[in-house]
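One structure below.
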Amino acid sequence: MPLLDSFTVDHTRMIAPAVRVAKRMKTPCGDDITVFDLRFCKPNEERMPSKGIHTLEHLFAGFMREHLNSKKVEIIDISPMGCRTGFYMSLLGTPKPKRVAKAWAASMKDVLNVKSQKDIPELNVYQCGSYKMHSLKEAKEIAQNVLDRGIGIMNNKKLKLSKKLLKGL
């Protein structure tokens, strides 16, 4: 099985909250696609609660589009990581990590301004596969934590695992 890009970086050296360019590629038509690692929690030390990350998923996708989409950037998808330490964001375009961090911070402020559970988009049996598994309180705690700690930028060169180490794992 091929080794995925996300498993060639040293998770013990990741900072959080932080933005990392996980992958850049060109489509056959010449469009640029960038995948960002938006790391909310330090791997193997912290993780977001299930209800909070699910609510954040519903809110974050819309708020990030409001703050980041432009003539040169269009978000394709924002999805939570299975390890519950962050989200992957795939988009058309090549925005700088600092611009992504600024949009992320603005989105977290937007989360804090959501008044009630009723204001969570697509929170119903028809549009959500686990519509009862939500917590606005937990989503707000996650957002506040990001804002309190500040959003850094990760350097892939500093995180890269050596070929020797990878062979031994």
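Yeah, the Cβs are placed from backbone N, Cα and C, and that goes for glycine too.
Cross-referencing Cys83, Cys128 with the Fe cation binding residues that Swiss-Prot gives (His54, His58) picks out Cys128. Neighbour density around each Cβ, counted as other Cβ atoms within 10 Å, peaks among the binding-site residues His54, His58 at His54. Cβ neighbours of Cys128 (Fe cation binding site) (same chain, under 8 Å, six or more residues apart in sequence): His58, Glu122.
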